[in-house]
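Annotated active site, proton donor/acceptor per TrEMBL: CYS77, CYS185, in sequence order. Summarising the annotation, TrEMBL assigns substrate binding site to ASP13, SER14, TYR45, GLY46, ASN78, THR79, THR186, HIS187.
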Amino acid sequence: MVSSLVPNILLFDSGVGGLSVYREIHRLLPNHNYFYLFDNEGYPYGELSQQELLSRVETLVTSIVTEMDIDLVVIACNTASTIVLPTLRKKLSIPVVGVVPAIKPACNLARKSVGLIATPATIRRPYTHELIRDFSCNKEVYLLGSTELVDIAEHKLRGDSVDMEQLSHILQPVRGRVDVAVLGCTHFPLLRGEIQQVLGNEVVLVDSGKAIAKRVESLVSPLMCRHIPGKHRIFSSTFPFKEKALNQILSGWGFNRVERFPIPDFSDR
Ligand code: DGL
């Protein structure tokens with residue numbers, strides 16, 4: 001029956017962060033097929049040069065789109081989205097949705113000041129500074145770039161406990177100074193409870209997950225519904241660390257074991 005066919009949706013990130021976006025999309029669209037590719041060989045994206053990041057994302061995403069017959073792509077990574085979207089949209093004929101830091105809603109909510117917690121690269125990007133310039137409404141925006149925080153989320157998704165003292169130390173620059181904090185890296189909603197505990201319950205935490213899910217829902221068209229449902233496949237560009245522990249946690253998210261999707265011909269670039 002044609003009505004039971006579904007689209008193939010791809011989520012892409014450097015690591016497990018995109019799962020926070022997947023969670024919101026899956027909540028709205030539970031019956032679709034999901035493919036998740038993480039470029040752990042290029043991780044952490046927050047420390048990569050712009051050129052390398054562009055090249056890796058473009059190569060990986062365009063290859064998997066062809067190979068898995070994808071209908072819609074979500075770049076579930078702020079660090080990548082702030083630079084790769086124009087190129088990818090030119091290369092692909094399917095919708096490409098990106099995730100950028102939720103500066104605008106955060107500044108609308110804030111009474112005094114906002115903290116932007118993101119990767120070091122996102123903090124530096126002109127795109128981010130334009131968002132702040134255009135939407136901060138004269139509220140002070142404190143910037144905090146941290147790869148350590150991304151690492152903590154990666155470890156949490158392998159079953160490791162979060163070191164709250166380390167977390168307090170990392171969040172020190174925004175602690176007590178802001179009433180709204182933007183989780184400007186998709187890894188950070190995976191640490192929402194812990195970050196809330198450190199910053200205090202009075203601080204509102206904002207991320208882009210729900211808005212992205214709504215955007216995806218609005219872009220899914222009947223033409224995309226052409227695949228047999230039931231696919232939840234996850235791929236990595238190289239062997240993930242603590243793979244067994246990761247697979248165990250991923251099965252709770254409804255995914256099969258991590259499969260390999262290495263960069264095609266990347267060494268020949
Ligand atoms: N999850 C990514 C983001 O939203 C990037 C993390 C990293 O690899 O540095 O920015």
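Any Cβ shown, glycine's included, is placed from N, Cα and C.
Between the CA atoms of THR79 (substrate binding site) and CYS185 (active site, proton donor/acceptor) there is a gap of 7 Å, rounded to the nearest whole number. Around TYR45 (substrate binding site), the same-chain residues at least 6 positions away in sequence with a Cβ under 8 Å from its Cβ are SER14, ASP39, LEU53, CYS77, THR79, ALA80, THR119, ALA121. The 10 Å shell around the Cβ of ASP13 (substrate binding site) contains 30 further Cβ atoms across the protein chains shown.
Least packed by the Cβ count within 10 Å, out of the active-site residues CYS77, CYS185, is CYS77. Apart from ASP13, SER14, TYR45, GLY46, ASN78, THR79, THR186, HIS187, the residues listed for substrate, the same chain places the Cβ atoms of GLY15, GLY17, PRO44, CYS77, ALA80, THR119, THR122, VAL150, CYS185 within 8 Å of the centroid of those Cβ atoms. The Cβ of GLY46 (substrate binding site) has THR79, ALA118, THR119, PRO120, ALA121, THR122, GLY145, THR147, VAL150, CYS185 as same-chain neighbours under 8 Å, each 6 or more residues away in sequence.
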